[in-house]
Amino acid sequence: MYQDIVSNKRRTWILLILVCIVITLLFLAIGVMTDADPLASIILGALFAIVYSLISFYLADKTILLTQGAKKLSKENAKEIYLLVENLTIASGMPLPEIYLIDDPSPNAFATGRDPEHAKIVFTTGLLQKLNKLELEGVVAHELSHIQNYDIRLMTLVVVLVGLIALLADIIFRVGLLSGNRNRKTPPVLILVAIIIGALSPVFAQLIRLAVSRTREYLADASACLLTRHPDGLAGALEKIRDSQSKMTRANHATACLFITNPFGETRGRTYSFFQKLFATHPPIDERIARIRAMGQ
C-alpha cells in the first residue's frame, strides 16, 4: 500500500511536468501560427502551465463536482450512508470524506479530491436505490481505496489538464483557419510542425488519461475486497451496474475515467478488440467481476 502511495505521488509530479511541457509546446505552436516571437511564446506557455497546474491542484475537484451537478449531503439528511462510510473509514484508518449526491437513475459513483483530508465520494441516486448494504459497502471500499492510494489526486488532475490540452489544440486549428490566407513570416516547415503538435497533443494526453485510469481499477477492486472481506458485495454491485445498461444524464468523456464503471454503460458479455481496450476508460467489467469472484473462492 505504501509503495502504491509513493508511486502515485511520483506519477503526479511526472504528469504535471509532462503536461507543462505539452502546454508550453502548444503555446509555441500558437505563436508560430500567429507569427509571434517564439521565445515569448515559450515563456508565456511555461508560466501559464505552472499557474494553471497550481490552480488545478486546489480547485479541480470543485470544478468536477460542479460539472456533474453533485450536491453535498449532510449527516442529518443521509444518516445511513454516512454511517456506512464512517465504519469503513474507521476500519481503514482514514478521515471521513465529504459525501455528495448526483440526481441520476443510472447507478454509479466516483471519488475526487487532492488528498485523503480533502476527499469527496460521490454517489448517484440510482446507486443508493438499487444496491443492498453489502454491495454498497463494496462500492464505498473501492472508492476509499482510490482515496487512500492517492489515485484521486492523480485522476482529478488528469481530467482537468487533459481538457486544457484539447482546448489549446482546438485553438491552434481555429487560428490556422482564420489566418490561412495571410502572408506569414514563419517558414512553412515550422507551421507544419505546429500543426503536428496540435494534432498529436490531445491523442498523447488521452492515452495518458486512459492508461492511468485502467491500471488503477484492478488495484482498487482488490483493495476493496480486502477491506470488506466480502468480494461478493463488490462483484454484485458491478453486476447490477452493468445490467442496468443505462447512461448517465451528464456523462461526458472528460470525467468518465473517474467513475467506478463507464458512465456511458456497458453490456454483458461484450468482447473488445485491442484498440477498443487501448482507448477504454475502464477494464472490461466482466473481467473485473471474474477477478473479484475468484478472490472469494
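In case you wondered, yes, glycine gets a Cβ from its N, Cα and C as well.
Caution: TrEMBL annotation is automatic and unverified by curators.
TrEMBL names His142, His146 for binding Zn(2+). Of Glu76, Glu80, Glu217, Glu239, the residue it gives for the same site is Glu217. A simple way to gauge crowding: the CB of His142 (Zn(2+) binding site) has 27 other CB atoms within 10 angstroms, across all the protein chains here. Each of the recorded positions Glu143, Glu217 was ranked by the number of other C-beta atoms within 10 Å, and first place falls to Glu143. When the alpha carbons of Glu143 (active site) and Glu217 (Zn(2+) binding site) are compared, the span between them is 10 angstrom.
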